[in-house]
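Engineer: Take this structure, written in structure tokens, and hold onto it; I'll ask about it next.
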Amino acid sequence: MTKDFKISVSAALISALFSSPYAFADDYDGIPNLTAVQISPNADPALGLEYPVRPPVPGAGGLNASAKGIHSIAIGATAEAAKGAAVAVGAGSIATGVNSVAIGPLSKALGDSAVTYGAASTAQKDGVAIGARASTSDTGVAVGFNSKADAKNSVAIGHSSHVAANHGYSIAIGDRSKTDRENSVSIGHESLNRQLTHLAAGTKDTDAVNVAQLKKEIEKTQENTNKRSAELLANANAYADNKSSSVLGIANNYTDSKSAETLENARKEAFAQSKDVLNMAKAHSNSVARTTLETAEEHANSVARTTLETAEEHANKKSAEALASANVYADSKSSHTLKTANSYTDVTVSNSTKKAIRESNQYTDHKFRQLDNRLDKLDTRVDKGLASSAALNSLFQPYGVGKVNFTAGVGGYRSSQALAIGSGYRVNENVALKAGVAYAGSSDVMYNASFNIEW
């Protein structure tokens, strides 16, 4: 194909030079008396050109074609080869740089060593544009119809592929592929994605990774994650069990201590109140008894005196009878009075004792209710503390060196729940930092921070 193409170009050059009456060649760099390319039957069989014994001169063929540089060639209507060794082939083609080549109608090689091949293709300095309407910036390469390498040192391969001007050192490969950043390789665009197939596994840090490698790493990561999760769960359970036992022991000791204290206080209070009641009842009973006895003595003495006086007045015969009647009456009154006093004392003491016991029971119940409320609050705090601890233990440590992570976790114990958030940083393979805070509602907040060294 390359050999045939060269032969075709040579034939086209010979035909154009023989047939165009308007072809011309300027003086060599303004030096007079130097002849241009001559075309004659004695020309070289391969090119149809014959040079005199002078420096090489440019050649042109076609209507208004212009070859101005040394060794330059312009073929086609208005074709222009402006600098040394430049080649412009095709109507309206332009090659303005040294060693530049423009092949195709309206093609433009606008810088040194620029090469274009295709209708209306354009290449800047050191650029290569192949395909109709293909265009490049300096040192760019564009291959394919309407392909554009607008950034320096960029490559666009494929129909309508495009590297934007601000995406230097980027490559777009494939039909309508577009780049979106510097130093990138694109094989599609935002709504057209393609796959790289038959990709070998990467071996260096800068190599691409294929799906097989990725799956293997995912499985390895999952295995490590599961192992680490199991270890963390076991540690969390052990920590929770230890804390639960410790908190439960403290709560039980506190409860036992407070219960014993409450019972002792209630016993002392009840004993003191009962003692006071008994003392009051005893004092009242003694007072009533003394009053009754004094009244009975006064009454008996009065009756005795009256009876004695009457007996003395009415005769000695009646004295014994009157005295007996007086004694019976006195005994009856004394017995009745004593029974009344004892009954009154018993009722008073019974009522006072019942009241004391009732008040003591009410006081004891109130204290126990207060103790229950405190224990309930203590249980709630313990549950929230364990839930916060579980949430903090669920936070992950970053595994990659130089990586910072942000992690969140939840935890619960019985009816309490907590939310924990935290962050960690792995300084290197042996040193890592981590901190977190947990919230369990109201003002219940727990936090931790850790520093890890491995070897």
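Going from the start of the chain as shown, residues are counted 1 onward.
Every residue, even glycine, has its Cβ placed from backbone N, Cα and C.
Reproduced below are the annotations present in Swiss-Prot:
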REGION    26-363  region 'Surface exposed passenger domain'
COILED    209-243  coiled coil
REGION    364-402  region 'Outer membrane translocation of the passenger domain'
TRANSMEM  402-412  transmembrane segment
REGION    403-455  region 'Translocator domain'
TRANSMEM  416-427  transmembrane segment
TRANSMEM  434-440  transmembrane segment
TRANSMEM  444-455  transmembrane segment
Engineer: Which bits of the chain, at least 6 residues beyond where the transmembrane segment (444-455) starts or stops, bring a Cβ under 8 A of a Cβ in it?
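Structural biologist: Contacts with the transmembrane segment (444-455): 381, 384-385, 388-389, 392, 397, 418, 429-438.
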Engineer: Taking a Cβ cut-off under 8 Å, which residues six or more beyond the ends of the coiled coil (209-243) line up next to it in the same chain?
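Structural biologist: Distal contacts: 199-202, 385-386, 389-390, 393-394, 399, 413.
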Engineer: For the coiled coil (209-243), what's the mean pLDDT in this predicted model?
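Structural biologist: In the predicted model, the coiled coil (209-243) has a mean pLDDT of 87.
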Engineer: Count the residues of the region 'Translocator domain' (403-455) that DSSP assigns to helix (H, G, I), to strand (E, B) and to coil, and report the three numbers in that order.
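Structural biologist: Split by secondary structure, the region 'Translocator domain' (403-455) comes out as 0 helix, 39 strand, 14 coil.
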